[in-house]
Amino acid sequence: MPKPIFISFEGPEGAGKTSVLEALISELKTKLGDDLVTTREPGGNPISEAIRSILQPEEDNGMDKRTEALLYTAARRQHLVENIKPALDQNKIVISDRYVDSSLAYQGGGRGLGIDNIWEINQFAIDGLLPDMTIYLDVPVEIGLARVNENRQGKIDRLDKESISFHQKVRETYLKLQSEFSDRIKIVDATQPLNKVIDDTRILINQILEDKS
């Protein structure tokens, strides 16, 4: 019987996470069929998608940073209960575009709320469920934001309006987490050409699929 596998993807703005995921999920769907479940945060179900619309408005809604952290955590809890856990209980392979490390990096680091504080509220939400592997696509802030500006199609969200300092804190926190939890969090150099980033990420995914088979 196949074993359940939970993989999350992380990265700062402009790391190319969406492009890498689209390419690899297409490949994996062909290989794994219904055994593969893909989802995203915040989102994945009606409640979490409703929270997403509050968290990612077209205009700044003046949201308090602690409110933001709690809403992301609430969306994560519903996502876990409604999407991730049921799939893992059926021995599926779950790939999530973002998970708890996003909150640690963006709210804990970027917003300055502290990793420990964000981890505490998320422990209550995730009930100990961490990914078997987290793939972190790393890119320097200047390169990432330049990519965002180049590829923007008229839409600007709240994160696009944040300062360089905010994004630097996000990346620094991601790198700190990767250093502390290197057994779980694997880093991929996202400054490379897209095809090379996809290749490096594919190797990591194939490795865990083989290890868990």
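Glycine is no exception: its Cβ is also placed from the backbone N, Cα and C atoms.
Straight from Swiss-Prot, the features:
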type	residues	note
BINDING	Gly11, Pro12, Glu13, Gly14, Ala15, Gly16, Lys17, Thr18	ATP binding site
- Message: By the count of other Cβ atoms within 10 Å, pick out the sparsest of the binding-site residues Gly11, Pro12, Gly14.
- Response: Gly14
- Note on the structure: Close in space but at least six residues away in sequence, with Cβ under 8 Å from that of Ala15 (ATP binding site), the same-chain residues are Leu137, Asp138, Val139, Gly144, Ala190
- Item | For Lys17 (ATP binding site), the number of other Cβ atoms found within 10 Å of its own Cβ | 23
- Entry from the binding-site residues list Gly16, Thr18 having the most other CB atoms no farther than 10 A: Gly16
- Lys17 (ATP binding site) -> DSSP, reduced to three states, gives helix
- Taking the centroid of the Cβ atoms of Gly11, Pro12, Glu13, Gly14, Ala15, Gly16, Lys17, Thr18 as the ATP site, which other residues of that chain lie with their Cβ within 8 Å of it, listed in sequence order? Leu137, Val139, Gly144, Arg147, Ala190
- Query: By a simple count, how many Cβ atoms lie within 10 Å of the Cβ of Glu13 (ATP binding site), its own Cβ left out?
  - Reply: 20
